[in-house]
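J.: Below: one structure in structure tokens.
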């Protein structure tokens with residue numbers, strides 16, 4: 001046991017010795033990224049950040065790809081993200097063992113690629129991705145609430161932005177939870193909820209697919225050859241966003257030292273849930289509705305105001321979705337909270353002193369208020385999100401991990417792992433660029449329908 005202690009001391013970012021040695025330990029690292037969690041807690045955080053309601057748009061992605069390419073894209077997405085998340089975790093473990101534990105994505109980039117990369121590339125991209133996810137969760141929460149409202153009151157006059165504001169108020173309360181680690185119980189509930197609404201979406205799709213109520217099954221790809229081509233890249237951006245995480249270092253930062261091997265166990269928990277949910281929802285949804293699958297598969301359960309399933313079933317599935325959306329939103333708020341805490345917090349004062357609590361409550365409430373206003377103003381945020389997916393999730397989750405690994409461990413240029421990593425980086429850089437173009441084109445096509453505070 002004695003030989004382990006020096007390592008433990010080195011690996012513990014919250015030990016007083018290391019805090020005195022690290023010049024850049026700030027209130028953000030100290031209060032938001034507390035290192036107290038187990039691998040199981042890590043599994044809950046990972047599941048909440050990846051297995052989220054955007055998976056309900058997977059059948060829609062299949063409408064651009066068809067059966068073979070759709071399932072193949074899902075499999076490749078699962079393999080590549082599991083591999084790259086494991087690589088980034090290995091790099092973080094390596095630095096922890098060297099006594100330089102990295103707690104944030106931008107710290108990793110600064111350490112491995114140089115200071116400019118952390119400050120001007122990885123930091124802003126991660127902030128855009130995570131804050132964009134908060135806006136998207138708020139908008140989606142409002143849309144699900146509106147769906148329940150219209151089902152119970154078809155002639156209701158409440159507008160979408162009113163529901164978005166209600167959801168935003170709920171988020172303001174949840175957003176005050178102090179640290180990432182303190183979300184562990186919420187994220188366990190979130191794991192159960194994502195299984196629950198995925199089961200609801202799957203059972204609902206199979207029921208409608210087997211009844212005469214559903215549309216005629218047509219799996220042909222719609223549009224001319226140009227639209228089909230851009231559709232494929234749009235679908236890839238949707239799938240990349242669904243698999244995206246963008247906060248692996250911050251999740252690993254919540255682990256109590258020693259961190260070795262814990263992240264892999266957490267990833268296994270997450271991917272077990274992911275395989276069950278992603279594949280069941282996408283296959284059953286696309287099987288039942290074919291190329292009529294909507295952007296959110298739950299929208300297919302109501303046809304021109306007529307529910308195709310018992311109303312209580314649609315209510316429950318939507319309620320599960322709304323509740324998990326709030327947990328996902330709070331998880332993606334953590335990098336923003338960490339920056340706010342770093343800016344306004346004082347690491348020398350206690351975490352719950354007036355000096356820290358007042359700026360924390362004001363800054364977090366303001367951040368969520370701004371995201372709620374954006375969601376209410378821009379209800380076409382789905383288009384913007386596929387752009388964020390192409391510009392943000394693809395670099396953070398597919399490209400940077402393999403580059404970090406090659407630069408840290410310097411595998412031989414003759415080794416298969418070196419070339420596998422280079423291939424992944426090149427292929428996904430090209431895909432990201434094309435997907436970004438496809439997303440911009442989609443925004444240009446939909447621009448004629450854009451209106452601020454539109455009631456869609």
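Cβ coordinates come from backbone N, Cα and C, glycine included.
Because TrEMBL annotations are produced automatically, they should be read as predictions rather than curated entries.
In case it's useful when we look at the structure, here is the feature table from TrEMBL:
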DOMAIN    36-440  domain 'Amino acid transporter transmembrane'
TRANSMEM  64-88  transmembrane segment
TRANSMEM  120-141  transmembrane segment
TRANSMEM  161-181  transmembrane segment
TRANSMEM  188-209  transmembrane segment
TRANSMEM  229-248  transmembrane segment
TRANSMEM  269-289  transmembrane segment
TRANSMEM  312-333  transmembrane segment
TRANSMEM  361-381  transmembrane segment
TRANSMEM  387-405  transmembrane segment
TRANSMEM  417-440  transmembrane segment
J.: May I ask for the residues of the chain that lie six or more residues beyond the transmembrane segment (312-333) and have a Cβ under 8 Å from a Cβ within it?
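T.: Sequence-distant neighbours of the transmembrane segment (312-333): 45, 48-49, 52-53, 56, 130-131, 133-134, 137-138, 140-141, 144-145, 147-148, 151-152, 167, 170-171, 174-175, 177, 180, 183, 186-187, 189-190, 193-194, 196-197, 200-201, 204, 247, 298, 301-302, 364, 367-368.
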J.: For the transmembrane segment (64-88) against the transmembrane segment (229-248), do we get 3 or more Cβ-Cβ pairs below 8 Å once near-sequence pairs (under 6 apart) are dropped?
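T.: Contact confirmed: at least 3 Cβ pairs fall under 8 Å.
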J.: Other than its close neighbours in sequence, what residues sit by the transmembrane segment (188-209), given a CB gap under 8 Å and a spacing of at least six beyond its ends?
T.: 43-44, 47-48, 51-53, 55-56, 59, 217, 273, 276-277, 280-281, 284-285, 287-289, 297-298, 300-301, 308-309, 313-314, 316-317, 320-321, 323-324, 327-328
J.: At a C-beta cut-off of under 8 Å, are there same-chain residues at least 6 beyond the transmembrane segment (387-405) that contact it? List them, or none.
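T.: Answer is 80-81, 84-85, 87-88, 90-91, 105, 108-109, 112-113, 122, 125-126, 128-129, 132, 237-238, 240-241, 243-246, 248, 411, 420-422, 424-425, 428-429, 431-433, 435-436, 438-440, 443.
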